[in-house]
Amino acid sequence: MAGLLQALVAVSEKAAEVARLCRAEEPLFRLLVAEKTGPDRNRRFLQDFKTLADVLIQEVIKHDLGTQFPELRGHIHGEESNEFRDAEGGTVTVRVCATPGHTVALLLAVLGPEQTRAAELLAEAVHREVTLGDTELAGIDPGVSPGDVGIWIDPIDSTNEFIRGCEDVVPIDGIVPGGLRSALVLVGAFDRHSGVPVLGVINEPFFQRDSQTHRY
């Protein structure tokens, strides 16, 4: 079904927007950079903000694909647990809620009440609709049905490079071996009976910087 390929590309682009937002918006960037320094990390939960960024991207992909293709529900997997455990033994399960306001409230349970602006920025990105203008993509039929596949998500591959944000790594034969541009959103589909990979999308959130806005 052509719609499956379009959906995979669309969710990868929404995920890429969340990744870009974490580096471009000051309230989120402060949280991200704090993880590099150690003592400034959020002590409210045992996991750090970079883990939340990974998990939120993963849950956005799960939510959007499962909403569009109900037959995929229960067959979408990722490498991150979506449960955040606090020092008292309580847990918060990160997910996409029914409304932006409810998603903000859930994120504040993880980030803490002082991070309202950060939670609002993330919730806005999570609930934003992504429209693809690629007419060529619309005409491609990958030849696989959502009812026959499972999905595997690596929300931010090269997380450490994403955090460090090094922007001056020189490409080798057109491939950037490290730095911010090597951070990728990876979404793959596999035959749920045999486990054989059948389709994949690689999104490069930081592929190119706009010379006017200086944003990727």
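Numbers run from 1 along the shown chain.
Backbone N, Cα and C atoms are what each Cβ position is placed from, and that goes for glycine too.
Database features (TrEMBL):
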BINDING   GLU79, ASP154, ILE156, ASP157  Mg(2+) binding site
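Overlay of TrEMBL annotations on the structure.
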residue	record	Cβ contacts under 8 Å, 6 or more apart
GLU79	Mg(2+) binding site	GLN58, ILE153, ASP154, PRO155
ILE156	Mg(2+) binding site	ALA19, ALA53, ASP54, ILE57, PHE162, ALA183, LEU184, VAL185
ASP157	Mg(2+) binding site	ALA183, LEU184, VAL185, LEU186
Mg(2+) site, defined by GLU79, ASP154, ILE156, ASP157: further same-chain residues with Cβ within 8 Å of the Cβ centre:
ASP54, GLY78, ILE153, PRO155, SER158, THR159, LEU184, VAL185, LEU186
